[in-house]
Amino acid sequence: MIGGGPAGLTFARVLHRHDHPVTVFERDPAPDARPPGGTLDLHENLGQRALGKAGLLAEFQALSRPEGQAMRILDTDGTVLRDWKPRPDDRANPEIDRGQLRDLLLGPLDVQWGRKVTEVVPVTRDGVLVNFADGRQETFDLVVGADGAWSRVRPAVSSATPQYTGVTLVETSLDDVDTRHPGLARLIGDGSMAVYGVNRALVAQRNSGGHVKVYAQFRAPLDWHTHLDGLDLADAEAVRSSVPALFDGWAAPVLDLLRRGTAFVRRPLHVLPVSHTWAHVPGVTLLGDAAHLMPPLGVGANLAMVDGAELAESVAGPGDLDEGVRAFEEQMWARAGRWAKITAAGLERLVSPDPAQALALFDEVQPS
Ligand SMILES: Cc1cc2nc3c(=O)[nH]c(=O)nc-3n(C[C@H](O)[C@H](O)[C@H](O)COP(=O)(O)OP(=O)(O)OC[C@H]3O[C@@H](n4cnc5c(N)ncnc54)[C@H](O)[C@@H]3O)c2cc1C
């Protein structure tokens, strides 16, 4: 297994439950080597189903935040347009911090940290050859690429590469929001808050412990920042004054979400082609973003986890290993193709010349 994200760890954890040996090779030198990223909502019929297959649903329910499902939409002048709150017993899409999910999945797994894969060569006489950045080589009967958007395993089965969608996110964070920024804490509410303007959006999401992730989203060329007097994204002060200018005229409290941000990270959104498939290659397959990178509309990690759980169940049985992988791939391609279309259309409406499209999409997904 290459990659210790949601796909790889779910695959390994379900296999472990079936008493199958599996080794995860992960590029990061340690579980907490980099910030784990924002909160994830795990859907009842996707991520939660996968956790059920790993025997971890009860632990997830204890850790997750059902109140985090709350969603508020503001107009650019700060008027509240929608203020949706879950019922107390609603467990359809509770939120969990990525770090908590990672630790939950890690449990007893054998993860080799700091093992970056550089290349996978299928069908050698001894099996599938994996080259590591540290110069080592190993062979396996099955190599599963769950190494994310810029997968090093993918070239072994497919020539597809991620393409830029035309939408960039600039991500920042607020800490201890309830004590340090009580006004912003009230603005955000218990879950997420979004504001949609012309070709722009601003989304703030609560994580646990008063941590908030803020995503400024806008249509722009890939190199937009180089046109802003060579804006250095590592210079938080410069970003703090430049990025709010892209949201000119928006209400001051909304822009404060950016002005109070700590560090800033640029995340241009790339996607793989909708309905990405490949001619089956014995001994190698892909899961999660490596197989079907799509816009971040709340399903990528969910699909990655279902992929992991289903592949594990497919290969854990007594049947032929390669047949198990083939059957899984057909199932994954069909599911991912459906979601890739939905999320591509969703991104067009959420970061759109007509902000009413975003509100209409919310009303379709979350009728009050
Ligand atoms: C801003 C944002 C918000 C999102 N919000 C949501 C959400 O709310 N809900 C949701 O379901 N999805 C969400 N997503 C999508 C989600 O993050 C991804 O779909 C999900 O993380 C994919 O999981 P994965 O395991 O396939 O890949 P990843 O999470 O990318 O994990 C890949 C792992 O492989 C490792 N790796 C990479 N290269 C190598 C290598 N060469 N050798 C060894 N290891 C390697 C990486 O270090 C990493 O640990 C969001 C995405 C973004 C960008």
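For all residues, glycine too, the Cβ spot is worked out from N, Cα and C.
Bear in mind that TrEMBL entries carry predicted annotations, made automatically and left uncurated.
As recorded in TrEMBL:
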{"type": "BINDING", "residues": "Arg34", "note": "NADPH binding site"}
{"type": "BINDING", "residues": "Asp41, Arg98, Asp289", "note": "FAD binding site"}
{"type": "DOMAIN", "residues": "2-176", "note": "domain 'FAD-binding'"}
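What TrEMBL annotates, mapped onto the structure for a quick look.
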residue: Arg34; record: NADPH binding site; DSSP (3 states): coil
residue: Asp41; record: FAD binding site; DSSP (3 states): strand
residue: Arg98; record: FAD binding site; DSSP (3 states): helix
residue: Asp289; record: FAD binding site; DSSP (3 states): helix
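Taking each Cβ in turn and tallying the other Cβ atoms within 10 Å, the top scorer among the binding-site residues Asp41, Asp289 is Asp289. Take the CB of Arg34 (NADPH binding site) and look out to 10 A: across all protein chains shown you find 9 other CB atoms.
Distance between Cα atoms for Asp41 (FAD binding site) and the residue listed as 'NADPH binding site': 21 Å, as a whole number. Cα of Asp289 (FAD binding site) to Cα of Arg34 (NADPH binding site): a distance of 19 Å. Taken in sequence order, the binding-site residues Arg34, Arg98, Asp289 that lie near ligand 1, meaning a CB under 6 Å from one of its atoms, are Asp289. Its Cβ taken as reference, Arg98 (FAD binding site) is surrounded by 17 other Cβ atoms within 10 Å in the chains shown. Largest Cα to Cα distance within the recorded FAD binders Asp41, Arg98, Asp289: about 17 Å as a whole number.
If you take every residue in the domain 'FAD-binding' (2-176) and average the pLDDT, you get 96. The two recorded residues, the residue listed as 'NADPH binding site' and Arg98 (FAD binding site), show a Cα separation of 12 Å.
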